[in-house]
There are 2 protein chains.
Amino acid sequence: MKPVKVGICGLGTVGGGTFNVLTNNAKDIARRAGRDIIIEQVAMRHPNPAVEIGSVKTTEDVADVISNPDIDIVVELIGGYTVAKDVVMGAIENGKHVVTANKALIAVYGSEIFAAAEAKGVSVMYEAAVAGGIPIIKAIREGLAANHINWLAGIINGTGNFILTEMRDKGRDFADVLAEAQALGYAEADPTFDVEGIDAAHKLTILASIAYGIPLQFEHCYTEGISKVAPEDVEYAEELGYRIKHLGISSRTEKGIDLRVHPTLIPEHRPIAKVDGVLNAVTVNGDAVGDTLYVGAGAGAGPTASAVVADIIDLARTLEAPASASVNHLAFDSESIDNLRVLPIEQVETAYYLRIQVQDRTGVLASIATTLSEHDINIEALIQKEPRMENDLAQIIILTHKVEEARMNAAIEAVESLDSTHGKITRIRVEHLD
Amino acid sequence: MKPVKVGICGLGTVGGGTFNVLTNNAKDIARRAGRDIIIEQVAMRHPNPAVEIGSVKTTEDVADVISNPDIDIVVELIGGYTVAKDVVMGAIENGKHVVTANKALIAVYGSEIFAAAEAKGVSVMYEAAVAGGIPIIKAIREGLAANHINWLAGIINGTGNFILTEMRDKGRDFADVLAEAQALGYAEADPTFDVEGIDAAHKLTILASIAYGIPLQFEHCYTEGISKVAPEDVEYAEELGYRIKHLGISSRTEKGIDLRVHPTLIPEHRPIAKVDGVLNAVTVNGDAVGDTLYVGAGAGAGPTASAVVADIIDLARTLEAPASASVNHLAFDSESIDNLRVLPIEQVETAYYLRIQVQDRTGVLASIATTLSEHDINIEALIQKEPRMENDLAQIIILTHKVEEARMNAAIEAVESLDSTHGKITRIRVEHLD
């Protein structure tokens, strides 16, 4: 079969990695794809010192790539919403297939992009957008296609997982570890996307859509970062048999779809609780298969390129096939996408970890327990920690049973207004993932 | 698009599960496949009480299914090599696509079956043959297709993992746990296939072929069971920071392909070391992606059906596409399959755990160390255990660095012939998976 020709837009970390994987593994890739895959042209603003560009044509203008009649597949590795969106839409308009690693673009503009692609009969592939080298999009869209997916939960931001792992292993605090992560290059100079959960929310939005066949609804994803997790919370969680992870969680409930990113206590015996450092992991529960877990590197040149090139190979194989031979963009037939409601966070039910600072005197514990009981909140475990700081405050740690968030908000407000309570209550959600 | 019609041969545990998943999830499956998938006929010898067969046509003769002109896809869920092989070859001969969960059939007769299928332009899918519901065939053939796969290692027999987990958690011995596993239905009445590693060797043979693009060579897979693992080995391994797992391991070395199933010490911090109970897990290392790990249920009606039905959906999507749109049976173009040599076990290099029973007197340890040193074997760790059994023998536990098996055999023979050594040395291979 005739070679497939690829145009790469963006030669940064991921673009360079993709160039190198396609070049270094060209022989094996051709054996798998049944045809050669050739890099026809690269659009780049600066050379990448990790790449030997050789005789490949280069340009500074992405328009040259998307209008190049020799190119079958345009690979968008620029990032962001502006130029990247123009590249993707322009390539589709010119009848080219697209591969992208751009989670933000897919989470926010995916519906528009996929509609345009379907109208043109081309595919937009985005395995690299979620969990780097882990083939999680393929696992959910294809590998678990027989299942009614009940829920999924993922550690889908490596920077956040690195920070929480260091906090636990070394008792360090958030700001300290973040500074180190920035020095090591794990975290961006502006870490907001990572530590505030926005990056994870982009990825979770995509996973939920392909799991349930619902529209991409990034704007309805509840997002809470890890910057307020204190070392003592990590320590108390451990004492109770839990680990704190920054999880993206989505489940299908009778009331609607649950879609949220926040720090979460999970039982330490769950396999995903043991995924540490910069690794990513996603657990998916389907009605037939039960729980499955996928673990691997969530970022970096090689892992991300692995996913980008897998998409290119998939496209190469089906290039001459009818469009119906390709997997649906959001896993389900676009005409049957179900507009299920995303639950507002106030209606989500979870268990809670609460850390309450109190005056250390008799009757305090009783008044807190009474207040929670009045709000119909059941206590599963409680530990009281004697004062150990200069301020002479004791800490009460409570694990509750599941309760609707709105009710918990009211209960927290009531406990905070007790005379004996000092300051704000720390609240972290708890998931048992069963 | 017109519905796809499926014929199921065999309505046992997996056949019943497949029937039920196709029936219960029909609506979601159609939304994913873009067309209805209909069970046209079932060949069965006995009714399955878990299945409401309804108006589906049944027959006792598999020949009715493979010759049924309405059927597009024949699903072989009979097991074994005889009838199952006839069904698969007959279906191919009649131009039908095939889905099977039969690891033994694929590992032993795969080359013949795939050649026949390619000649007829049909596909034989076998996701369910390895690691049940985990989409590991898809992950390796497609998800990691960009990579030069360096090695893989898997816990691919749930019964064996259950037994080793119980031995560790409760200090029980092998025979005792096996009896319980049989009572619970995890292990067959004849447990040989599971505990002697034959089942795992079938699966490993398949994984290695699709990882490296080599022929199926079950006959060259080295196989060693777990029946000789003693509770004290589990305990000492733990003391040294390791877990014992029954692993299928394959790596690509300069000398050839390493292909072996045996009990293995792995460092306890490796994620796969923490996969317990009946779960399966496979770690794959690729040059671009690094390590990835896949965990889930390796057997049972639901998980196996999940994989079978995923294959059916893949076939449904590409039914009208040219054959080149389908993934190659062994991942690589059949004309480029590399006949790499499988290393005889004597040439494989691993580290070792040795347990040596000795007379408890001075100089014994020195003479063992000297003997190992004479064979150029380096000791990484050593613990001596005081006699605790009635026979007054001490035990010396040694971890070695990597050494070729032939040299280790010679060293073991030499140590066994020392006056102070009592009986046979226990030897378990050690893999660091890095």
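For all residues, glycine too, the Cβ spot is worked out from N, Cα and C.
Taken from TrEMBL, the feature NADP(+) binding site covers A:Cys9, A:Gly10, A:Leu11, A:Gly12, A:Thr13, A:Val14, A:Gly15, A:Gly16. Residues or ranges marked as NADPH binding site by TrEMBL: A:Lys103. Under the heading L-homoserine binding site, TrEMBL lists A:Glu188. Marked as active site, proton donor by TrEMBL: A:Lys203. What TrEMBL lists as domain 'ACT' is A:353-430.
Nearest by CA distance to A:Thr13 (NADP(+) binding site), out of the recorded positions A:Lys103, A:Glu188, A:Lys203, is A:Glu188. Candidate binding-site residues: A:Gly10, A:Gly12, A:Gly15, A:Gly16. Fewest other C-beta atoms within 10 angstroms, A:Gly12.
Within 10 Å of the C-beta of A:Glu188 (L-homoserine binding site) we count 14 further C-beta atoms, all protein chains included. Separation of the C-alpha atoms of A:Gly16 (NADP(+) binding site) and the residue listed as 'active site, proton donor': 23 Å, rounded to the nearest whole number.
Within 8 Å of the centroid of the Cβ atoms of A:Cys9, A:Gly10, A:Leu11, A:Gly12, A:Thr13, A:Val14, A:Gly15, A:Gly16, where the record puts NADP(+), the same chain has further Cβ atoms from A:Ile8, A:Gly17, A:Thr18, A:Phe19, A:Met44, A:Asn48, A:Leu77, A:Ile78. Take the CB of A:Thr13 (NADP(+) binding site) and look out to 10 A: across all protein chains shown you find 19 other CB atoms. When each of the binding-site residues A:Cys9, A:Leu11, A:Val14 is scored by how many other Cβ atoms sit within 10 Å of its Cβ, A:Leu11 comes out lowest. A Cα-Cα distance of 19 Å separates A:Gly10 (NADP(+) binding site) from A:Glu188 (L-homoserine binding site). The recorded positions shown are A:Lys103, A:Glu188, A:Lys203; of these, the one with its CA atom nearest the CA of A:Cys9 (NADP(+) binding site) is A:Lys103. Within the same chain, the residues at least 6 positions away from A:Lys103 (NADPH binding site) whose Cβ sits under 8 Å from its Cβ are A:Tyr126, A:Ala129, A:Val130, A:Asp199, A:His202, A:Lys203, A:Ile206, listed in sequence order. Assigned with DSSP, the residues of the domain 'ACT' (A:353-430) fall into helix, strand and coil as follows: 23 helix, 30 strand, 25 coil.
Here the Cβ of the residue listed as 'active site, proton donor' has 26 other Cβ atoms within 10 Å, regardless of which shown protein chain they belong to. Across the structure, the residue listed as 'L-homoserine binding site' and A:Leu11 (NADP(+) binding site) are spaced 18 Å apart at their Cα atoms. Under the three-state DSSP scheme, A:Gly12 (NADP(+) binding site) falls in the coil class.
When secondary structure is read from DSSP and collapsed to three states, the residue listed as 'L-homoserine binding site' falls in the coil class.
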